[in-house]
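Annotated features, as they stand in Swiss-Prot:
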TRANSMEM  7-29  transmembrane segment
TRANSMEM  44-63  transmembrane segment
TRANSMEM  75-94  transmembrane segment
TRANSMEM  104-126  transmembrane segment
TRANSMEM  133-155  transmembrane segment
TRANSMEM  165-187  transmembrane segment
TRANSMEM  199-218  transmembrane segment
TRANSMEM  228-250  transmembrane segment
TRANSMEM  257-279  transmembrane segment
TRANSMEM  289-308  transmembrane segment
Amino acid sequence: MNRKYIPFGLALLFCLTPFVSSPIALVIGFLLASFGLVPTELPIASFTKKLLSYSIIGLGFGINFEQALSVTSDGIGLIIATIVGTLVIGSLIAKVIKLETTTAYLISSGTAICGGSAIAAVAPAIRAKDEQIGLALATVFVLNSLALFIFPVIGHALNLDQHTFGTWAAIAIHDTSSVVGAASAYGEEALTTATTLKLARALWIIPVALISAVIFSRGNKENGSKKLVIPYFIFWYCAAIAFSDFFPQLEVVYHGIFTIAKQALVVCLFLIGCSISISKLKSSGPKPLLFGVTLWVLISTTSLSWLVLR
């Protein structure tokens, strides 16, 4: 038996436990790949693609549709503006710094909607490679970690009220977990506002993934490929949201499915990390992180300015 199976198998089992978060799983996979401990004969790429789709569908059971639609009109308007603005500005910045299109689009999608979940949903629609997904996720996770500590400090320094901070956190912080962490540190009202707006923001995974499939299929046609990749799992994601909304009495079951889906996503990130190595990171250079930071700072400062000066 290939000796690589032992450390790989142990790491995989460890990622199945609740003690491992998504960023840690990505790092574990990255370390295994960097030390040459990933069995090359395993169909990791194809398995990861399928598991990602199932994970996203499962996450749909954790979306409260009515609560997501109960946000204020001002919040919805700002969310729409920042999502569209982020994708457009991201495209322009990518051209300026000459960053590879797919990686840039994944980072933009994660920044625009809800971090890692958005990247995982959009990736199959645009035929992103594991290496590109990994770079985008790593960039988003780094910025998430910074936001968790920086945002409350900025909020107190500017004396932001609870509602304003909650709205800002929901718009400018990528992942829901970091939004909840930063908002809860600021106050209960901020937490309620941030959570509700973030749920509404998460619903945009659906149209963005579908539109992305069309946009990138046109680009593929120019390169000789005529196939449109339709992310069918998005329709099942919608079905999961609708089903849980129509039958709320099964909330315990939905919570269980959502928990399993989140853990499956952790495993996905471990497998994606297995496709990244130090040599691949060196070849990509600092551009992905530079792109992510620039886009994040622009969206954060613009949305904060609008909230404070309106």
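Every residue, even glycine, has its Cβ placed from backbone N, Cα and C.
Ranked by Cβ pairs under 8 Å to the transmembrane segment (289-308), the stretches 44-63, 104-126, 165-187, 199-218, 257-279 are led by 165-187. When each of 7-29, 75-94, 104-126, 165-187, 199-218 is checked for Cβ pairs under 8 Å to the transmembrane segment (257-279), 7-29 comes out on top. Ranked by number of Cβ pairs under 8 Å to the transmembrane segment (165-187), the listed stretches 7-29, 44-63, 75-94, 104-126, 199-218 are led by 104-126. With a threshold of 8 Å between CB atoms, the same-chain residues lying at least 6 positions outside the transmembrane segment (75-94) that come near it are 101, 104-105, 107-109, 111-113, 167, 170-171, 197, 200-201, 204, 208, 291, 294-295, 298-299, 302-303, 306-307. The stretches the transmembrane segment (44-63) and the transmembrane segment (7-29) do not meet in space: the count of Cβ pairs below 8 angstroms, excluding pairs fewer than 6 apart in sequence, stays at fewer than three. Here the transmembrane segment (7-29) has Cβ contacts under 8 Å with residues 37-39, 116, 134, 137-138, 141, 144-145, 263, 265-267, 269-276 of the same chain, all six or more residues outside its ends.
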